[in-house]
């Protein structure tokens, strides 16, 4: 990978992109940290009996909190233009981001499959939906997330830049390694989970329409919200990843040429947008809660999730998928495995 940079001062466009990234990351931190903390508090303190869905939502909020706790380090990097936290901090921050991204997307997939099974095979779902099974699934999700994020530890390093400055940067032995990492992340962190989510909710929508559920119209709107929110935050990021992978396979170094420079600019904003996805869940909870927010006050999250323990049986009675869907939107968003240092000043200065 090319680790040299131009000595020219950053252009106005680059400064604007960096400022926009700082704004997005600051909003994510300001909204997501208290929002997800409130969700964790609501489930742990306000719910006496936690359903399987509540346990998944709890883990999702914890994953979002983990990635948001790394945001101050990246904000410092963007503001100062240098990485000040050493090699261990570099790898740890990016590894936490990777684990959070995978944990979030796998939790989303698990919740989607759970919903689909509850509608398609309610009796089977009722037998499988135990806290013991949920804990095993959650443990498996976290173990798999830690494993899938390990390439970050192999490729991230701290490289010198200018005088007395350094960058936390991905350094690959070859362009083939860069292509592999980007494609691997796009496939495992978006494509396969997204296909599972779409298939699950498409099946739910088809079955609800066939059974003429009273709340199917509302459920349909929520399903669309779930899928669009998921895609809006992650599709652009992974499209850029795949475009970069294509350039790597063609032997073109990152950030070089007109296309490479534009991809580097876009990547700054899209990585910050992916961080912002970790703050959107509490907002979706509030939107899905409807009247509960007004009637239950600070306890609305607990009220929202209280009915999910009997989703399977209530689904058979034909009236509860509104509750099921209400818990769904909160599941759709994870943290990015690439931090803002992935589109570092090293690349941005090459745009001049």
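Count begins at 1; order follows the chain as displayed.
Note: Cβ is positioned from N, Cα and C throughout, glycine not excepted.
According to Swiss-Prot, the compositional bias 'Polar residues' annotation covers 310-326, 338-352. If you look up Swiss-Prot, you'll see 2, 164 marked as N-linked glycosylation site. Per Swiss-Prot, region 'Disordered' is recorded for 310-352. Under the heading topological domain 'Extracellular', Swiss-Prot lists 1-19, 76-91, 160-178, 243-268, citing sequence analysis as support. According to Swiss-Prot, the topological domain 'Cytoplasmic' annotation covers 43-54, 114-138, 200-221, 290-352, on the basis of sequence analysis. Taken from Swiss-Prot, the feature transmembrane segment covers 20-42, 55-75, 92-113, 139-159, 179-199, 222-242, 269-289.
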**OP:** Given the cut-off of 8 Å on Cβ pairs that are 6 or more apart in sequence, determine whether the transmembrane segment (20-42) and the transmembrane segment (92-113) share at least 3 such pairs.
**Re:** no
**OP:** Can you check which residues sit near residue 164 (N-linked glycosylation site), meaning Cβ under 8 Å from its Cβ, same chain, 6 or more apart in sequence, and list them in order?
**Re:** 82
Original post:
Quick one: do the transmembrane segment (269-289) and the transmembrane segment (139-159) reach 3+ CB pairs under 8 Å, ignoring pairs fewer than 6 apart in sequence?
Top reply: no
Original post:
What are the helix, strand and coil residue counts for the topological domain 'Extracellular' (243-268) according to DSSP?
Top reply: 19 helix, 0 strand, 7 coil
